[in-house]
Amino acid sequence: MSTKPVTGTEKRLTDRQDNWWIEPLFTVLSLGIFGLYAMWVAWNRQHYEFGPYISPFYSIPIPGVHARDLDWLAISPAFLVLWIPLGFRATCYYYRKAYYRAFFWDPPACAVPELRKSYGGERAFPFVLNNLHRYFWYLSIPVMIFLWYEAIKAFFFSDGFGIGVGSLIMLANVILLSYYTFSCHAWRHIAGGCLNCMSKHKTRYNLWQRITRINESHGFWAVISMFSVWFTDVYIRLCSMGTITDFRFF
Ligand code: FES
């Protein structure tokens, strides 16, 4: 950060002279556009599968039920799954920090003043719902299991086992989503919280240590996994529309 002093009677929002606004702007654009894209995909109800590939937005966490079996529903089957990852991300500690800063300027960055005059914390509606994060984590586990199932299925084509670009994209996506889900602060607390003496709980301590290692980069996993979900859907959509051809390695 530059230490150049403010001169004269010039009034500034902040004395910071670095590009502190880039991060909140990136958050507004990426979260805003992703949110709109997710809603559009859900309403669209088309081009969400190609061969053994299925968009993560349409991976329904109900055994034996495929999204296309639910075409008779008045609402898009995507909404049956979408509320879980959206609730999970909306209540995530990383995203809370990101959207409080970017959308509410609460505050937008360190040493930049906030807009509000009083502080109510997360005790009133709707922000009190952020306390449900741990429960969204529980709900995300079956979603992750189904995403892994769909990712493995992506290697089985109508003519047998094979590897396509889409198979690898779906696999990479579910790995990134697993890093995001299992680097969660709530999961870390479930594993190692409320213990007076870690040495008496070796298994939980070891698990807590492993989670802590990936938890340090939780913000990174949050962002990269959002883009991977986005990219996976776009890839499958473009293949399904015939815009691009899926390359098969064998
Ligand atoms: Fe981000 Fe739990 S804190 S997913």
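Cβ coordinates come from backbone N, Cα and C, glycine included.
Under the heading transmembrane segment, TrEMBL lists 21-43 (among others).
Packing against the transmembrane segment (72-95) from elsewhere in the chain are residues 31, 38, 41-45, 48, 57-62, 129-133, 136-137, 139-140, 143, 181, 184-185, 218-219, 222, 226, 229: each is 6 or more residues past its ends and has a CB under 8 Å from a CB in it. According to TrEMBL, the transmembrane segment annotation covers 72-95 (among others).
Residues annotated as transmembrane segment in TrEMBL: 135-155 (among others). Through the fold, the transmembrane segment (135-155) approaches residues 52-54, 56, 59-61, 81, 84-85, 87-88, 91, 161-164, 166-167, 170-171, 173-174, 177-178, 181, 184, 186-187, 190 of its own chain, all at least 6 residues removed from its boundaries and within a Cβ separation under 8 Å.
Annotation comment: TrEMBL describes 161-182 (among others) as transmembrane segment. Counting only same-chain residues 6+ beyond the ends of the transmembrane segment (161-182), those with a CB under 8 A from a CB of the stretch are 50-53, 56, 88, 137, 140-141, 144, 147-148, 150-151, 154-155, 211, 214, 218, 221-222, 224-225, 228-229, 231-232, 235-236, 239, 246-250.
Listed as Cβ neighbours of the transmembrane segment (219-238) (distance under 8 Å, sequence separation of 6 or more from its ends, same chain) are residues 30, 34, 37, 41, 47-50, 53-57, 85, 89, 92, 94-95, 98, 165-166, 169-170, 172-173, 176-177, 179-180, 183, 244. Summarising the annotation, TrEMBL assigns transmembrane segment to 219-238 (among others).
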*What residues in the same chain, six or more past the boundaries of the transmembrane segment (21-43), come closer than 8 Å to it by Cβ-Cβ distance?*
55, 57, 76, 78-79, 82, 86, 95, 98-99, 101-103, 105, 108-109, 223, 226-227, 230, 233
